[in-house]
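What follows is a structure written as structure tokens; I'll ask about it next.
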Amino acid sequence: MNKNKIIVFDTTLRDGEQSPGASMNTAEKVELAIQLEKLGVDVIEAGFAAASPGDFDAIERICGAVSKIRVCSLARAIEKDIKAAGESIKSAKFKRIHTFIATSPIHMEYKLKLSPDDVIKKAINSIKYAKTFCDDVEFSCEDAGRSEISFIKEIVEAAINAGATTINLPDTVGYRLPSEMSYMIGELVKFVGDRAVISSHCHDDLGMSVANTIACIKAGARQIECTINGLGERAGNTALEEVVMAIKTRSDVFAPLYTDINFKEIYHSSRLVATITGIEPQPNKAIVGKNAFAHESGIHQDGVLKHKETYEIMRAEDIGLEKNSIVLGKHSGSHAFRDKLVSLGYNLSEDELANVFEKFKILADAKKEIFDDDLRELMTDELVKIPCAFEIIALSSSECNKGHASAALTLKHNDEILKDSALGNGVVDAIFKTIDRISGIKGNLKDYQVRAVSQGKDAQAKVTVKVLFENSSTIIGHGLDTDTLMATAKAYIGALNSYISMKQ
């Protein structure tokens, strides 16, 4: 075991997806897993195999899509969960099962209704069963932050003897202070020694997840569990980008500790998560917020122009955020287009290149100046493919009196051309009602967001919708177009197609 390396365990695909409205389909999960491999994380928690057939399928597909990263499935300390986890990761080159049980008095008494001895027995049995599927087994003491240290040591001893290779101590409800997390981790590091890796998993309910994770590292934890953009249920999880950049930027404090993160993939990873989930980092978010490297104060601007380090402790280029220069136009050829995509980290087959180049030429005809962010959105739209049950052929709309509007749409469905129109309270409402009429499937819009992808009056609009259909969880749809209304229709159609694909 390398005592200087910090193992980065990313749980965006599992814990991050539990953030309200952040559900991802299988294609999106696979694309994100591929990006996390490029980012250089060591372990990805690809999902909770027993939760649903969709989760199981996504984990299986991720195992086939990555080759360098360790793929992990979460499982409760229940035999059927562990069996599902083991079967879902069996094709992975590197695999892990992560099993857990609550150890705090309040959880054992009210949730599990088990005695401490019974909890230990369940932990032992689950770890031994998990070891029949793979050698690498992680055990978590759920709600360790509110557990008694003496009991944590007792169950950890039993877990290691049963075969656990990593011991995770989560602050499940984000309750602990850095000094308290440091004490707990320090005690377990001394207790466990070299017998297992000690891991931290912090939540941000009191805004201290990153500070707590840093404290855990300083106390001896050698695995950190985190998510891109700090995505997660309630107030979120430890933000991966913040911790790894702290280790890099403050090497004077952390050396010789290090991670294997490819820092130049941080920004792209952040944008991909934001695009897929529709959850944008707040503008002043550390590292990846749009204002993270912006300076408005005249004094600050003057200082940065004279020497960047006067007010910048790291460079935007360090995280892969290059100057958003004009890169291509309608006269650009396929070779220049391919070279630019390669520089942005995309390697396409000839068929993929031909398909996306055709879309690029259409965009270039509508938009004079093409920026890096335009290409990133175009590629995300191309790589995260959803079967198209419905496709937009044409859209027209008109404003009526007193805020009312009408929309007319022509859609293609199974080689059949369908047309209809509807009135609504504004054009957006009219578009959605028309799609509902044509498809025969009614959706309930829960959220609607629109933003400009890049700069300029002809910037593409990126529309994200969150829709509830019959017997579905929230479905996310994205639309990209220089026409905001067309982007709106594409986003709703995208959500509809995802819903139909999930049902099938």
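Just so you know, glycine gets a Cβ as well, placed from its N, Cα and C.
Because the structure is a prediction, the values reported are computed rather than measured.
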Quick one: which of Asp10, Asp15, Asp429 does Swiss-Prot put in the Mn(2+) site with His201, His203, Asn237?
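Of Asp10, Asp15, Asp429, Asp15 joins His201, His203, Asn237 in the Mn(2+) site that Swiss-Prot records.
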Given a separation of at least six residues and a C-beta threshold under 8 Å, show me what packs close to His201 (Mn(2+) binding site) in the same chain.
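Looking at Cβ-Cβ distances below 8 Å from His201 (Mn(2+) binding site), excluding near sequence neighbours, one finds Thr11, Ser140, Asn168, Leu169, Pro170, Asp171, Thr172, Glu225, Asn237, Thr238.
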Under 8 Å Cβ-Cβ from Asp15 (Mn(2+) binding site), six or more apart in the same chain: what's there?
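The answer is Glu45, Glu225, Thr227, Gly232, Glu233, Asn237.
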In three-state terms from DSSP, label Asp15 (Mn(2+) binding site) for me.
coil
Across all chains shown, how many C-beta atoms besides its own are within 10 angstroms of the C-beta of Asn237 (Mn(2+) binding site)?
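Around Asn237 (Mn(2+) binding site), other Cβ atoms within 10 Å: 31.
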Over all shown protein chains, what is the count of other CB atoms within 10 A of the CB belonging to His203 (Mn(2+) binding site)?
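For His203 (Mn(2+) binding site), the count of other Cβ atoms within 10 Å is 25.
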